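Trainee: This is the feature table in TrEMBL:
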- Glu88: active site, proton donor (ACT_SITE)
- Asp235: active site (ACT_SITE)
- Glu329: active site, proton donor (ACT_SITE)
- Glu347: active site (ACT_SITE)
- Thr433: Ca(2+) binding site (BINDING)
- 599-692: domain 'PA' (DOMAIN)
- 758-802: region 'Disordered' (REGION)
- 788-802: compositional bias 'Polar residues' (COMPBIAS)
Amino acid sequence: MFDHAYGSYMKYAYPADELMPLSCRGRVRGLEPNRGDIDDSLGKFSLTLIDTLDTLVVLNKLDEFEDAVRKAVKDVRLDNDVVVSVFETNIRVLGGLLGAHVMADLLRQRGDRMQWYQDELLHMAKELGHRLLPAFNTTSGLPYPKVNLRYGVLNPLSRTGTESDTCTACAGTMILEFAALSRMSGESVFEEHARKAMDVLWDRRQRGSDLVGTVINIHNGEWVRRDSGVGAGIDSYYEYLMKAYILLGDNVFLERFNIHYSAIMKYISQPPLLLNVHMHNPTVSVRSWMDSLLAFFPGLQVLRGDLKPAIETHEMLYQVTKQHKFLPEAFTTEFRVHWGQHLLRPEFAESTYYLYKATGDPYYLRVGQSIVEKLNAYARVPCGFAAVQDVRTGAHEDRMDSFFLAEMFKYLYLLFSEKSQLPIDIDDYIFTTEAHLLPVSLSTTKPPSYKFCLTVEEDLFTHSCPSTETLFPNNPSFAKTIRDSYKYLTGVGRAFRPLPVREIELPLHDNGMEPVEFLKSMGISLTPLNELFSKYESLQEHKGVYRVKLVAEVSQTAEEEEVVPHVVQLISPPFLGRTVLTAGPAKFGMDLSKQEHGVKGSIVKASPYTACGPIDNTVELKGRIALALRGDCMFAAKARRLQEAGAIGVIFIDHREGSNSEETPLFQMVGDGDSTEDITLALVFLFSREGAVLTAALEEHHNVDVLLLPKERQLGHEKHVGMNIKLRLAEEGELEEGAARGPTLEFVLEKDEVLLQEEELGEERQSQQQQKFCAKATENDRTEPCSADSSQTPNSGPNTNP
């Protein structure tokens, strides 16, 4: 599988940053349609190659590794005039260079290969570190989210530096790579900046709950988004606190991690769920769905030595993958799809690996086997592996992110390998969040002592923690006992077993789902009466069996609600209503179904395009309809900003390349959990392909007017009535008797304008007269001009009487 993925990248894409596995070519930034912030990972530095280098060593592909290092040293440039994400460039490129340098140095020291290597990758890492440093030039010490590799941040040519916010993970996921770079290069400046950013996040935690928010202002340290969880936006901040202690041996990181961890287990962990809460009021859940990035957390809990909740959450995630083939990008607390995308993310495989190493339970090998089988069955394509656009439809997306090669294959290969089969001692290294290998020998103090567990000499896990000897003495069923209570969590695989029916009265006079969902959460399932009695006919006389009467009107759940299609209709020239794009509605904002004529306006791209920061082009947006790219923050947050900027409507465009309304089910955009009554502008959602039509129209014609309204009311959609009209020529006043009853349509041909031809006229003369008739009729009656072959009408044959 790795050979197929890596081979396809090298054959079809290198030296591009990424492989487009459906197109069988490389993705070069600027040459492909802009995907917004997704493209901030791409820096024209052969991203996938750099990210994959140390995976080649783990998989014992040492010849390929040596060849790839030569290519990286010879071909990769780090001074490109391109704006990149500081976070992504750090974990993927800087981490990739450092991990590869560590491997190259190890192989060189062994003496059998890489003898030519002169620390070139370390020099490249140092250069990249200096190119990332300008991002830390803020009053708070928190880094800017983006940097220009050539011009930094505040240079007039940098095209960045206007951002005011960054995510917690973006600022708090630098310490491993920057500290390793400082200790390998002897330049302390990198570690100092990364520590300062960690200190700020710690100082800005909510002192009452010890939780942090998701987005923070880099200038004043104020929280911009106060929801707190362990998934997207925060995830690797917690991971790097724990791993910084392991790598660097500094107890400060462990103490901070333990305080945060206690808060997570108190407020966010609701086994087997991990739910976002409000950092200032942590007893309140702020959303009813989870994102797939939290799948890393059971692995972190294993490092912490807290196995029971790790097993519980992992089992829940496994049940979700059984139900949907892959872990959807987001799923509800009832395990339905919230966002259907699956980007081949490795976090679930990562936690599976950690749990297998901690428990030795072969169950986790079977979980790994299912990951492998699903990837081969549903993601493998002729030129690599393709992300899944929607797990419900199985449609592919033309992307294979570099983390698929950097992490997924590393964790799966390690899961199925014996330590003796690996070319390195894996226990001598810590994994970064991108699974790059950094040696724990970098610690300036003695190796950290794991206070929460004991290790046993000569044990399989001598340097790893926790030890199976201490956690599961003579109790191999420990993990199974925990898992079994979550075995049928999503309903998949549950067999029906008749049980005695006990008396229960349910007076649920309600149109909503709340009472029914509440009962579900208590483990009470409801069955229609007719189904119930067919199952229990044999039990009718059984003592303790009662009839159940359910008085309830149950409406459809939110996921099953019918979505009313809307449209974006282009009405300005040259489109004139002929271009109609199918759009999804929103559950908040203006109800377009109640607007008689919809909402009309000119379209303007928001700046920034994601509308997740302060809006720069408020003057242009005033009274217009804004275009905004999906992603980075909630729809409601974008809508509020654009409403404040004076927009009368917003068209959100999907950032998932290739998505379209024909292959992907329409959905209704939802709010952010808070009240959305303040949002009053019109809101619709276009998938990527329809959005591309709109943005292309804007680029070509600059001034494009559109109409937003329900599909059934689009312009030109009225029903047309057909009519047959019979014509005959007659002398004036010669109408048949009775023909004038009712409406009459009369054509009068004036004799001085039209010459009726005798059949003796030659064909050429007849043609000229026919053209004369056409011209005269056009001039007087404004009818359509005749076609080029008007003379060859059915009545112009040689034997007809005109």
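A Cβ is built for glycine as well, from the same backbone N, Cα and C atoms used for every other residue.
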Trainee: Based on Cβ atoms within 10 Å, give me the single least packed residue among the active-site residues Asp235, Glu329.
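Mentor: Each of the active-site residues Asp235, Glu329 was scored; lowest Cβ tally within 10 Å is Glu329.
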Trainee: Looking at the recorded positions Asp235, Glu347, Thr433, which has the shortest Cα distance to Glu88 (active site, proton donor)?
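Mentor: If we rank Asp235, Glu347, Thr433 by Cα distance to Glu88 (active site, proton donor), first place goes to Thr433.
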Trainee: Helix, strand, coil: count each for the residues of the domain 'PA' (599-692), based on DSSP.
Mentor: 19 helix, 25 strand, 50 coil
Trainee: Going by C-alpha distance, which of the recorded positions Asp235, Glu347, Thr433 is nearest to Glu329 (active site, proton donor)?
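Mentor: Of the recorded positions Asp235, Glu347, Thr433, Glu347 has its Cα closest to that of Glu329 (active site, proton donor).
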Trainee: What is the average pLDDT across the domain 'PA' (599-692)?
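Mentor: Summing pLDDT over the domain 'PA' (599-692) and dividing by its length gives 90.
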Trainee: Could you round the CA separation between Asp235 (active site) and Glu347 (active site) to a whole angstrom and send it over?
Mentor: 11
Trainee: Could you list the residues of the same chain, at least six apart in sequence, whose Cβ is under 8 A from the Cβ of Glu347 (active site)?
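Mentor: The answer is Ser292, Leu293, Leu294, Ala295, Phe296, Gly299.
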Trainee: Taking the Cβ of Thr433 (Ca(2+) binding site) as reference, which residues of that chain separated by at least 6 in sequence fall under 8 Å from it?
Mentor: Ile91, Thr173, Leu176, Asp235, Ser236, Glu239, Tyr240, Phe296
